[in-house]
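Working notes, beginning with the structure itself.
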Amino acid sequence: MPRRDRIKPSFEDDESFENEFDYRYKRGKEQTSLNSDNENSESGSGSEQEEHENEHDVDDEMASISFGALNRAQARLKQEQLRRSQRDYESDSDSDSAPEETSSSSQPTNKKRSKHAPAVSSTKKPVSRIRDIPGLPSRKSQTLHSDIRFDAAYGKADLNQARKNYAFLDEYRKQEIANMESILKDKKSKLNESEKEEIRLQLQSLKSRMDSLKNRDLENLILKEYKKKQYQNVKEGKSSQPHFLKRSDKRKILQKAKFDSMKPKQRERAMERKRKKRLGKEFRQLEFRPLN
């Protein structure tokens with residue numbers, strides 16, 4: 001059967017279709033509808049022959065479609081399938097879960113957040129049973145070092161009372177100092193130089209700690225005696241009200257009491273350290289600085 005010549009229509013003039021594929025697709029549908037009408041009116045043998053010819057016509061029409069139109073049609077079909085599958089998935093999830101109300105807070109807004117607004121946390125992170133409150137110690141620090149004697153909830157720590165309660169530790173410190181000195185003096189000891197040096201450092205640290213504790217005890221004793229004397233004067237009528245020391249006066253009284261309690265060699269050593277400190281300060285003030 002000879003192939004019939006066809007004239008392609010100009011799609012630019014046809015405003016009812018977007019592209020060539022829509023035109024071809026609609027024309028094929030019209031041909032199939034005409035064939036179905038002819039089948040009802042004509043006999044079986046004639047209708048089969050015409051149907052066969054019409055199928056060939058539709059195939060020829062589809063074969064003449066350009067590749068660009070086919071690509072666009074394929075992309076549109078993929079988008080439609082994706083949209084349909086997403087719609088089915090959303091309908092399934094909505095049927096399984098309870099209906100939720102859409103709130104305006106879920107929608108993102110460009111409004112600036114207030115600093116007093118509640119904090120936003122992730123829903124993926126499990127909520128702890130004990131929540132951390134800003135401004136208070138964290139739960140981890142409390143579990144690491146928890147000692148009710150030094151808890152802030154019981155008020156400020158009283159160093160004087162703690163010193164009285166643990167005064168018996170001085171005996172252990174003195175005994176430890178004596179043991180270290182005996183080890184260092186023992187010439188038959190099998191310790192190497194590094195171990196001896198470590199013991200010397202520990203001994204020096206322990207002695208300095210004992211000296212600082214003694215100085216603190218002496219300061220507390222002097223201030224306590226001064227307060228007691230002032231209240232005694234008020235009680236006897238020698239003064240109308242007690243005199244409270246300023247920081248500079250307190251420093252002078254403590255320094256005088258320390259020098260009085262020192263031995264002559266200790267006093268000379270302290271005076272020498274003080275003189276060197278003052279001399280170094282004067283040299284730093286008078287040192288030569290080159291002009292730029």
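Each position is counted from 1, following the chain as shown.
A Cβ is built for glycine as well, from the same backbone N, Cα and C atoms used for every other residue.
Listed in Swiss-Prot for this protein:
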REGION    1-145  region 'Disordered'
COMPBIAS  21-30  compositional bias 'Basic and acidic residues'
COMPBIAS  35-47  compositional bias 'Low complexity'
COMPBIAS  48-62  compositional bias 'Acidic residues'
COMPBIAS  77-90  compositional bias 'Basic and acidic residues'
COILED    173-217  coiled coil
REGION    255-292  region 'Disordered'
COMPBIAS  257-271  compositional bias 'Basic and acidic residues'
COMPBIAS  280-292  compositional bias 'Basic and acidic residues'
Sequence-remote partners of the compositional bias 'Basic and acidic residues' (77-90) [C-beta within less than 8 Å, at least six residues beyond its ends]:
none
Take the compositional bias 'Basic and acidic residues' (257-271) and find every residue of the same chain, 6 or more past its ends, with a Cβ under 8 Å from one of its Cβ atoms.
215, 218, 222
For the region 'Disordered' (255-292), find every same-chain residue at least 6 residues outside the stretch whose CB is under 8 Å from a CB in it, and list them.
215, 218, 222
Would you list the DSSP helix, strand and coil counts for the residues of the compositional bias 'Basic and acidic residues' (77-90)?
14 helix, 0 strand, 0 coil
